[in-house]
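A.B. asks: Sharing the feature lines straight out of TrEMBL:
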{"type": "COMPBIAS", "residues": "1-15", "note": "compositional bias 'Low complexity'"}
{"type": "DOMAIN", "residues": "28-254", "note": "domain 'Cytochrome b/b6 N-terminal region profile'"}
{"type": "REGION", "residues": "1-26", "note": "region 'Disordered'"}
{"type": "TRANSMEM", "residues": "56-80", "note": "transmembrane segment"}
{"type": "TRANSMEM", "residues": "126-145", "note": "transmembrane segment"}
{"type": "TRANSMEM", "residues": "157-177", "note": "transmembrane segment"}
{"type": "TRANSMEM", "residues": "189-210", "note": "transmembrane segment"}
{"type": "TRANSMEM", "residues": "222-247", "note": "transmembrane segment"}
{"type": "TRANSMEM", "residues": "279-300", "note": "transmembrane segment"}
{"type": "TRANSMEM", "residues": "342-366", "note": "transmembrane segment"}
{"type": "TRANSMEM", "residues": "386-405", "note": "transmembrane segment"}
{"type": "TRANSMEM", "residues": "425-446", "note": "transmembrane segment"}
Amino acid sequence: MSTNENTTATSAAGADRSRGKAPAGERVADWADGRLGIYSLAKANMRKIFPDHWSFMLGEVCLYTFLIIIITGVYLTLFFHPSMNEVEYHGSYVPLQGQLMSEAFNSTMHISFDVRGGLLIRQIHHWAALIFLAGMFVHMMRVFFTGAFRKPREVNWLFGFLLFVLGMFTGFTGYSLPDDLLSGTGVRFMEGAVLSVPIVGTYLSFFLFGGEFPGGDFVARFYSVHILLLPGIMLGLVVAHLILVFYHKHTQYAGPGKTNNNVVGMPLLPVYMAKAGGFFFLVFGVIAIISAIATINPIWTMGPYRPDQVSTGAQPDWYMGFSEGLIRVMPGWEINLWGHTLVLGVFIPLVVFPLVLVAIAVYPFIESWVTGDKREHHILDRPRNAPTRTAFGVAWITWYMVLLIGGGNDLWATHFHLSINSITWFVRIAFFVAPVIAFVVTKRICLGLQRRDRDKVLHGRETGIIKRLPHGEFIEVHEPLSQEQLHTLTAHEQYVPAQIGPAVDENGVKRKIKGSAKLRAKLSKAYYGEDNQIPKPTVEEYKEITSGHGHH
Ligand code: HEM
Ligand code: HEM
């Protein structure tokens, strides 16, 4: 091609040439932009601001452990055989040589002793699952105690709640896959619960297990549920959860310059992405270290599952412990109706189990109904400033912990040389009493802390320095708070309780007041009534005290 022809080329191409070729990265990006519109997407989101606080890293812990579980899970699928066909063991673990076991157990033994890196990956999968659920628990508590579930984030709270419940069941199905004596006992426990359902219990159990327990199907069925169905739904929910976090923008703690209409923090790119990436590797690293040095679920010590055997000290993973507790402490009631046995000792716990969980799901809706607050909230509460909510949260945790103690009653008995019956009775009583005590105590503590905040704002921080005045009096020097501290301690709003309104209308006719309105007014008083919040200092009070009179 001659130079002459070159100059007659279209002007656009000519301009390109005169600038030289764009770098490869830019050309790839241009190519993608032409097809996916990534530039406008990036422009809108790259500088998105994320507020910074350690407690916001808990959601990240959930996300990263979930990813680690998926990555390690895929590796395990390469070697795990989800089959209950009986085989004879000929692997490298000598004590079990020649024993009959299911292929599932055999392949998990193979993963643990003969596959390169198999035991480490298996342990990472299991440890990550435990930390994933613990992470969700604590993340949920962070969201709860700070009131981050309020409008507009109620739907995201529900997504989170579903993730928590599905996570529990995914963990349970995974735990059951190796078909060892411990997990088999867990599945047997589940079968017992299914059998206790009136009328359809037996049918349900036969349907689930493909016949009489344990049958030959459940590992294969649990397998599809464990690696495909539940994680698939969870993945979709996690994406939806994060999209909503993005869409609503993140909440922030009260502080100078932070309002309901802005977000103060770091841009997503590069700062937040770099931090998040680093944190992912940190989480992965810590889990890898734990998994490299701490044994989890050593199935070779338990042996393969046999329905006629039960191992002692059998415990589910921690997140299932509360359901175990419900059954262990329940009296073994049984009644006979028209020739059918109703095992209340198992059926009642089976009904209470979802109730413990549903209490979490519905809380945001109950609170907004009680308080009548329909506004958006992007500034987080300090737990002490919402004493009733905080007290409910602590009562729920107490309830959960009491049940966990019940779930491990045998371990408490053997470790602390206690009678198992005393522990059972302790848990039975504490199930009803402990949450109430926790509620009352927490509320008092919150109000005490509110009082302290009020004192601090009005009188400053107690320095611990004692001075003697010329006339002999001793005083403690109080140091005034900085403007930032003053702002943070007084930024919260205080509400008046919802009122029912007058009992008669303007014509003197008695108004009909619905029972629900009365209940709401009562509950609202419990949240915001006189004894349930300490009035924050007013500007006048502050001015009067700091203007000289009465100032220490
Ligand atoms: C797979 C499990 C989960 C993942 C990966 C996840 C991830 C995240 C991330 C990364 C954030 C933003 C950072 C933070 O505030 O920590 C977040 C926020 C949030 N999460 Fe989760 N979460 C999960 C489970 C839950 C659960 C169990 C709940 C509650 C029941 C929940 C409710 C929320 C709410 C309401 C927000 C918004 C908080 C705010 O803007 O302050 N999440 N989640
Ligand atoms: C939230 C998601 C998940 C949780 C909580 C979870 C939890 C578990 C647990 C506790 C076990 C028992 C491990 C042991 O033997 O000690 C297990 C086993 C297993 N999981 Fe998962 N898992 C999840 C997702 C997945 C995914 C996505 C896959 C595959 C793509 C997978 C594949 C497997 C396999 C093949 C086994 C059996 C092998 C074995 O027991 O070592 N898991 N899972």
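Yeah, the Cβs are placed from backbone N, Cα and C, and that goes for glycine too.
Can you tell me where each of these features sits in this structure?
C.D. replies: Note on the transmembrane segment (56-80): residues 50, 104, 107-108, 110-111, 115, 118, 121-122, 124-125, 128-129, 131-132, 135-136, 138-139, 142, 163, 174, 177, 223, 227, 231, 234-235, 238, 242, 245, 250, 276, 279-280, 283-284, 287 of its chain, located 6 or more positions outside it, place their CB under 8 angstroms from a CB of the stretch.
Under 8 Å from some Cβ of the transmembrane segment (126-145) lie the Cβ atoms of residues 55, 58-59, 61-62, 65-66, 68-69, 72, 157, 160-161, 163-164, 167-168, 170-171, 174, 287, 290-291, 294, 296-297, 317-319, 360, 363, 381, 383, 389-390, 393, 397, all in the same chain and six or more residues away from its ends.
Using a Cβ-Cβ cut-off under 8 Å and counting only residues 6 or more beyond its ends in the same chain, the transmembrane segment (279-300) has close neighbours at 57, 60-61, 64-65, 67-68, 93, 95-96, 105, 108-109, 112-113, 120, 123-124, 126-128, 130-131, 175, 178, 180, 182.
Among residues of the same chain six or more beyond the transmembrane segment (342-366), those with a C-beta under 8 A of the stretch's C-beta atoms are 140, 144, 149-150, 154, 157-158, 161, 164-165, 192-193, 195-198, 322-323, 326-327, 330-336, 392, 396, 399-400, 403.
Cβ atoms under 8 Å from those of the transmembrane segment (386-405) belong to residues 141, 144-145, 147, 318, 321-323, 325-326, 329, 356, 359-360, 363, 367, 412, 423, 426-427, 430-431, 434-440, 442-443, 446-447, 450, 526-527, 532-533 of the same chain, restricted to positions at least 6 beyond its ends.
Residues of the same chain lying 6 or more positions beyond the ends of the transmembrane segment (425-446) and with a Cβ under 8 Å from any Cβ of it are 325, 328-329, 383-388, 390-392, 394-399, 402-403, 405-406, 409, 532.
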A.B. asks: With a Cβ cut-off under 8 Å, give me the same-chain residues at least six positions beyond the ends of the transmembrane segment (222-247) that come close to it.
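C.D. replies: Hits for the transmembrane segment (222-247): 45, 48, 59, 63, 66, 70, 73, 77, 80, 82, 153, 155-156, 159-160, 162-163, 166-167, 169-170, 173-174, 176-177.
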A.B. asks: Quick one: mean pLDDT on the domain 'Cytochrome b/b6 N-terminal region profile' (28-254)?
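C.D. replies: Reported value for the domain 'Cytochrome b/b6 N-terminal region profile' (28-254) is a mean pLDDT of 95.
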